[in-house]
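Enquirer: Found this in TrEMBL, in case it helps:
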- Cys17, Cys20, Cys68, Cys71: Zn(2+) binding site (BINDING)
- 15-95: domain 'ZAD' (DOMAIN)
- 431-458: domain 'C2H2-type' (DOMAIN)
- 457-484: domain 'C2H2-type' (DOMAIN)
- 484-512: domain 'C2H2-type' (DOMAIN)
- 543-571: domain 'C2H2-type' (DOMAIN)
- 572-599: domain 'C2H2-type' (DOMAIN)
- 600-622: domain 'C2H2-type' (DOMAIN)
- 214-242: region 'Disordered' (REGION)
Amino acid sequence: MDSLDGDGEMVIFIGRCKCCLNEGDLKNMWTPYTYEGETEIYGMMLTECFALSWQQPDDNMKYMDMICISCISRLRDALAFKREVLVSEEVLRENQDEMKVEEDLEEEEEKSEYNDVEYLEVPDSLNKDELNEEYLSDEQLLSSDNSLLIECKRKRSKRLTKEDRNKTYKQYTEEELQMAVDAVQNNEMSHTEAAELFNVPTKTISAKIRNIANEEEEQSQSPEENRKRKFPKKLPKQDRNKTYKQYTEKTLRIAIDAVQNEGMSCNKAAEKFKVPRKTLALRLQNAIAKKEEPDDDDASKIIDQEKHYKLVEEIKSILTYTNAIPYKSRLSRYYCAYCSTYGPAFDDADDLRTHTKTKHVDNRTKGVDQIMRPHWLNEVLRIDIHSLHCTVCCTILPTWNDMFRHLEDVHEVVLDEAYNRVIPYILARELKCALCGEAFPNYHMLDGHMNTHYSSYICSECGDTFLSASRLKKHVEVHSTGRFPCEVCGKVYNLKKYMKKHFVIVHGQKDQYKCSYCPERFSRTFQRHQHVLENHKEMVKIKTCEICGKTFDWMPYYSAHMRRKHGNKKNYKCKQCDKRFPMKYQLRDHQEKHLEERNFVCDVCSERFKTKAGLVRHCQLHHNFPTAKNQTVK
């Protein structure tokens, strides 16, 4: 390649691209090549695209003009884009010329209608300067003795009355209009020619053609696309919360005080403190009504509101001074408290903690008000206290109660409502109660166990305690026994909740388990797990047993392994030998050994066994069977 250096001398680079000076896979710029059935000469393409002054060198110098594969690809795109722009410009120019011709024709028609020549007589008393048609009245023109020829060109026609206007306008039939439209659509004549032939206004023909085109377009669209919304599209609930209710209870109370004591108007207070105007007006109205006619119900509501407000402020203090993570749960899966159950679901608590610390670091305390709304549905808050420590002084807090004592003694933060309404959990691989240390095989059993530590609500029928009113309300359904038939199949259940569960699973939405990584839904959790293994292998997390090193690709497998192989609790006891087992099926298999009957018979040698496992081992050892297919139960 050749180029100019600082002294104006020619410098030659051989074996490099002339466009980018890179080495690599090069082609000659002046040799014809075939690409997708078309012949390309890259030197001519560069000259056409960028108007360069490059010329084809002699045959013995062609080896110096080279171009790389990367620049060839970019050159094709640039040249194609340039050609497309030029074609578009030509089309636009033709359309503009056609529109200009039509406008000129319409102007000529208007001039031919109103450019009439009139011969008028002008009296001698008028001067030549006054010989203007705009200053002549009808009487002067008619009574004139001396005639003077002038050409009177009216720029505008005289506006007729409405009755006279209707005599000259719309004096065409629907058939004539349709014939004119058909002639234009079939390209038999232009708008102006059709308007003149059929005595129909040009604008009317154009409007009719546009309406026909719009109707055809609407018919080709689906009903959902064709339907016009009167109101803006309603956002999903998770997106709605991003713009609505983004205020704190403290800010709302400051706005109420500004209206009541400082004389500020409701609209100004709502705008200044960024509080919904209707919410502010409703709270003001309720406050005035309670002052005028106080009663016991209002007093209890005020007490509940104050307790909830105090709870929210104490939760903010906990999140400020510690690394605790608020969360929600549904169907034994973890959800971010800030995203709610509409956000992503997590099977692993580590993923939940990582998500909360990275995505919601800015609104860790600001989002508490939104999490706890409405207060009658959010009486308690679950908090993960895994590896709990103070974020201010970096003190490790081994237990939940140590946190309360540390905040009060060291940081002078006194917590009251949080004692009974903030529920601690330690979300780890081995689930244990954060208060008593009892281990549980799954989260569902741990969640039910927490009712024993928080006895705020007691069932009047059986005396069971619950930590929230919603849990108590759900529990009361257990005592309302009766006959509850299914509306679809007629199957009868003693409890209403069992009938509802049957209806949902059998007749309702069977696919209630949604994949965390795609829109697919499944009727069982195991089906969802198989789907993830097949379609989302990169998202599968391998869990390793810290005791024996065995690996698992599903959390239920890992939990069952820990209970079966390394669990300390053996709740299932054999009645005959007092041996205990951690799993029920292990007890069932063990009890078969105490049976005197040998019901499992080998079809090859007719030897009998007490258990199916014994028959399987016999067939594998003595008959080389991979499985016990030759077995008979007698």
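Note that Cβ sites are derived from N, Cα and C of the backbone, with glycine treated the same way.
Whatever TrEMBL says is automated annotation, not expert-curated.
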Enquirer: Below 8 Å Cβ to Cβ and six or more residues apart, same chain only. Which residues does that give for Cys71 (Zn(2+) binding site)?
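Expert: Cys17, Cys19, Cys20 - these are the non-local Cβ neighbours of Cys71 (Zn(2+) binding site), listed in sequence order.
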Enquirer: Between the binding-site residues Cys17, Cys20, Cys68, where is the Cβ count within 10 Å the lowest?
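Expert: Sparsest of the binding-site residues Cys17, Cys20, Cys68 by Cβ contacts within 10 Å: Cys20.
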Enquirer: Based on Cβ pairs under 8 Å, which of the stretches 431-458, 484-512, 600-622 lies most in contact with the domain 'C2H2-type' (543-571)?
Expert: 431-458
Enquirer: Averaged across the domain 'C2H2-type' (431-458), what pLDDT does the model get? Just tell me the whole number, please.
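Expert: Reported value for the domain 'C2H2-type' (431-458) is a mean pLDDT of 84.
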Enquirer: As a quick check of your reading of DSSP, tell me how many residues in the domain 'ZAD' (15-95) are helical, how many are strand and how many are coil.
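Expert: Across the domain 'ZAD' (15-95), the residues distribute as 42 helix, 12 strand, 27 coil.
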Enquirer: Could you give the number of helix, strand and coil residues in the domain 'C2H2-type' (543-571) as assigned by DSSP?
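Expert: Tallying H, G and I as helix, E and B as strand, the rest coil: 11 helix, 4 strand, 14 coil.
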Enquirer: What does the DSSP secondary structure composition of the domain 'C2H2-type' (600-622) look like, as residue counts for helix, strand and coil?
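Expert: Counting residues per DSSP class in the domain 'C2H2-type' (600-622), I get 11 helix, 5 strand, 7 coil.
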